[in-house]
Amino acid sequence: MSKILPSSMKDVHYDNAKFRRRSCFKMIVQAFANSSIKRECVTCSTGRFLILLMIGGLAFLMLMNTNSIDHVSDRIRKSIAGREEHRLLLNGVGKFGKFWRKPPRLPPRLSPDEILTSNSSTFDAGNLKGDSKWVIRQRSVKHAFIHAWSGYKQYAMGYDELMPLSQRGVDGLGGLGATVVDALDTAMIMGADEVVSEAGAWIETHLSERIDGKGQVNLFETTIRVLGGLLSAYHLSGGEQGMGDMKVKGPKPHVYLEIAKNLADRLMSAFTSSPTSVPYSDVILRDRSAHPAPDGLSSTSEVSTLQLEFNYLSAISGDLRYGTEAMKVLEHLKALPKVEGLVPIYISPHSGQFSGENIRLGSRGDSYYEYLIKVWLQQRTSQDGDVRYLHEMYEEAMKGVRHLLVRKSIPKGLVFVGELPYGPKGAFSSKMDHLVCFLPGTLALGATKGISKKKAMEENLLTFEDMENLKLAEDLAKTCFEMYSVTTTGLAPEIAYFNVDGYSEGGHGGGNGSSEYANDIIIKTLDRHNLLRPETVESLFVLYRITEDSKYREWGWQIFEAFEKHTRVDSGGYSSLDDVTVLPPRQRDKMETFFLGETLKYLYLLFGDENVIPLDKFVFNTEAHPFPIHSAVKKQ
């Protein structure tokens, strides 16, 4: 960062004083007092006489000038011609007009310190009032997004991800340019037109060729990031005339739709190749073939987190194949045995049965529960089938979470969600992935169906179950935020453990000894990394929209400032961290696609207007790509 230029506040005060109102007499006296003839004139009697004569003459002229104005004012009441003379005098055309005219009032000059502060993307806006503070903070998030994109564009355009320290790209998601597609609808929502044009042009020119020629991709990751990104871009660019007023740059909506259909046709082989309703995990795009993972198993979350995308594609294309195949998975899962609505994290596409007893809401389990409520919200007005069973599965699962997985830490009583690695009869683990922080937002969304809590209560729409879930959502959101504030960097680890009565995991704290919860949260050595994940800010966004409590905005701002301070790479982009408990943290040389697709998008929406992507009209897929609910969809 460049140093502030040296300056004197005396200079600033002087410049600002130049634009204050001053009388004509004071101006002349000051000019004379500062002139070079002052010393010579005041040393003789003749000089003193001339000074008195000049002052007297000036006083006479000013008096006569005032009288002339009064005289003109009197004539205005008597004659139209007097108006013209009055205008000439006031505009300085008269003999003393230039002398009488006041100097212009220009904006005050800022000191270099003030200029630097006003131009900073992370300055303290705490003293600003009302909406202006959040407008400025939202603009800061947009600046961060453009900085992240600039690094990707310069060093990794067309690759899946940016390595910002190495200044190169890497393909870890099948080589489909995942960052381009993931970031596109974020740029549309932010009004970052240049990014929209660049990303849209690359998609139109290159993506179809990539899809036709690439080999193995993961069904789940490709669906939520690439297919989801294309479908969201289709709608936001004016597809079904849903968001035509946005007037975004880039290709026409049908371009995104046609590429999405080409990709989905190839991904469909994961469903059709499997002997059961459970799809295979991997697809060979160029061959339109699929196969299971090496161990033969699929993640429960992966097979149950495809339905929003394929349902929406069916709705806008008129081809029911996509949604029909995807919904078969949830219908199949409905019939399988569960533990109070909770399910193991692995399932076999060969047998169609769950594998093992590990139950958790972290990796491989998380978005199963998320999509139960979101697919129900998306499809509940559809005429294509009865999806009430999804809401019933969701309610049963949340009861199971409260009964089997929710605990409080000691000594301060943070509410957290643990795990049952050996099933309900095995030992409870106080481990909580950062991924679990999706749950507060999902609970709040399920409680009010996207409308505000105030409105839901006024219309008597909340059941006792809804109120319990909403209370749990707020408690868990606080815990997720404290996972950030307990560390030295202010950024959360990938995994945390909690002290519980009678059991304590070995490990270290987060490094912030001033945190109230320093003794409640334990972070093990291998779990201290941060991947720029979005789950906490996602829940803060949803909870702010629903509760209208500004503390969620303030928490989000603190998290954003920590990202800016510790993960920003000056040459472009942002980097994951190795250890959030030490200063300075070592950067990991990886910018995940979801930082642009989710983290910055949710922060931008958190600080923005609630009418942008309203939660009662849109549903976000697990990669933060918004789709309109079914009743708003028009087929092409």
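Quick reminder: no glycine exception, Cβ is built from N, Cα and C everywhere.
Nobody curates TrEMBL annotations by hand; they come from automatic prediction.
Annotated transmembrane segment per TrEMBL: 46-64, in sequence order. Taken from TrEMBL, the feature active site, proton donor covers GLU221, GLU494. The feature active site is assigned by TrEMBL to ASP366, GLU535. Taken from TrEMBL, the feature disulfide bond applies to CYS437-CYS480. Residues or ranges marked as Ca(2+) binding site by TrEMBL: THR622.
Annotated features taken from TrEMBL, shown on the structure.
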{"residue": "GLU221", "record": "active site, proton donor", "Cβ contacts under 8 Å, 6 or more apart": "LEU173, GLY174, ALA178"}
{"residue": "ASP366", "record": "active site", "Cβ contacts under 8 Å, 6 or more apart": "SER301, ASP433, LEU435, VAL436, PHE438, LEU439"}
{"residue": "CYS437", "record": "disulfide bond", "Cβ contacts under 8 Å, 6 or more apart": "LEU476, ALA477, CYS480, MET483, ALA492, GLU535, THR536, GLU538, SER539"}
{"residue": "GLU494", "record": "active site, proton donor", "Cβ contacts under 8 Å, 6 or more apart": "ASP433, HIS434, ASP527, ARG528, HIS529, ASN530, LEU531, ARG533"}
{"residue": "THR622", "record": "Ca(2+) binding site", "Cβ contacts under 8 Å, 6 or more apart": "ILE224, THR305, SER367, GLU370, TYR371, PHE438"}
Count of other CB atoms lying within 10 Å of the CB belonging to GLU535 (active site): 24
